[in-house]
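Q: Before I ask anything, let me first share the structure, which is written out below as structure tokens.
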Amino acid sequence: MSKADIIVGIQWGDEGKGKVVDKLCENYDFVCRSAGGHNAGHTIWVNGVRYALHLMPSGVLHPRCINIIGNGVVVSPEVLIAEMAQFENLKGRLYISDRAHLNLKHHSLIDIAKEKLKGKNAIGTTGKGIGPSYADKINRTGHRVGELLEPQRLCEALIKDFEANKTFFEMLEIEIPSAEELLADLKRFNEILTPYITDTTRMLWKALDEDKRVLLEGAQGSMLDIDHGTYPYVTSSSTISAGTLTGLGLNPKEAGNIIGIVKAYATRVGNGAFPTEDKGEDGEKIAQIGKEIGVSTGRKRRCGWFDAVAVRYTARLNGLDALSLMKLDVLDGFEKIKICRAYEYKGMEIDYIPSDLENVQPIYEEMDGWDKVFGIKDYDLLPENAKKYIARLEELAGVKVKYISTSPERDDTIIL
């Protein structure tokens, strides 16, 4: 019996998980998404071509990989169908859990309306309706992908839901779709998606029993976890390694190696605590060189220095076996590079994450920069200062680096 290896982001998302998964996919039979929705975005570059994935597992770019969208994901049929249109021959290579919850148009309308009502206290969601979809799930009023197999029955259930919440929708100025319009959409979803809907948990159990190689692909980042992130400025699902298991119906004994994906600096989209944010020239330089624009939202990412306190925290949360250090090349040409080694908090120096992270100040150490690592594929060819930087990050995080990315391209990766 084999075990499932896990890839997780360990900052605030956008760490470069897509490139790592894409690089590793050739060694796996199954690649699986476990949580989130189309608020998450993976960018993968292959031979100069950019692929932006939101719901599809990154294994879709490898013809021999079977791709699974697990029960923990909230699925927008509209978005998924549009994404599927980019690819050919998906039958037999893509499966969607019948237990995954649906993310429908009214969810995004609720999301946007509620954010507007919050004004300056808005969380900064993507507006994709992910929170409202998970809220329906937790309230036990949601609808699942398997219900698409009976579109007439699902339509009737949704109309009843809309009528029961009519006052709420009117307050948010959301127009309720007609039964005819809704049924037409559901029938279209049914026609296209039915061949892909199945019990993916049983499929994965069988795969592991048959010693197939399985890779679980986390979405977003550990500092956005609903329980362990910078609440309330978090996502609506578990983004740590344990969450990937529940989001696919696997047990803890079925977990294999766990790799944490981390940028050589730090970024964050939306509001919330971000201790190492640099609002000056260096932060702007990182944003420009790193092309730090959100894949799902098009919003500019906030940029700053590597936060070793946060990474050490998430390394323990996830039980990491190794790190994959991404976008090291973005720091090419910086004379000095900062690392946050600790925080100042209520007059004390601390090395942990308090629940009120917005009240800390970073304590930095500086290291000398380097000229260029872009495109290097051999560790021995890295500049000495880059090697020292990597070694210091390993020391502070308490986890060894196994992969180093030196450009957006799939093959520009150092394996240690």
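Note: Cβ is positioned from N, Cα and C throughout, glycine not excepted.
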Q: Same IMP site as D14, E15, G16, K17, N39, A40, G41, H42, T126, R140, Q220, R299 according to Swiss-Prot: which of T230, T235, T314?
A: T235
Q: Rounded to a whole angstrom, what is the largest C-alpha distance between any two of the residues D14, E15, G16, K17, N39, A40, G41, H42, T126, R140, Q220, T235, R299 that the record assigns to IMP?
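A: The widest Cα-Cα gap among those binding residues is 34 Å.
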Q: With every protein chain in view, what's the tally of Cβ atoms within 10 Å of the Cβ of T406 (GTP binding site), excluding that atom itself?
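A: A 10 Å sphere around the Cβ of T406 (GTP binding site) contains 24 other Cβ atoms.
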Q: Near D14 (active site, proton acceptor), which recorded positions out of G41, H42, R299 have their CA within 10 Å?
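A: The recorded positions close to D14 (active site, proton acceptor) (Cα within 10 Å), listed in sequence order, are G41, H42.
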Q: Cα distance, H42 (active site, proton donor) to R299 (IMP binding site), nearest Å?
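A: It is 15 Å, counting Cα to Cα.
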Q: Could you tell me which three-state DSSP class T406 (GTP binding site) falls into?
A: coil
Q: According to DSSP, which kind of secondary structure is G298 (substrate binding site) found in, if we only use helix, strand and coil?
A: coil
Q: Could you check which of these recorded positions, N39, H42, T126, Q220, R301, sit within 10 Å of K19 (GTP binding site), going Cα to Cα?
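A: So far as Cα distances go, the recorded positions lying within 10 Å of K19 (GTP binding site) are H42.
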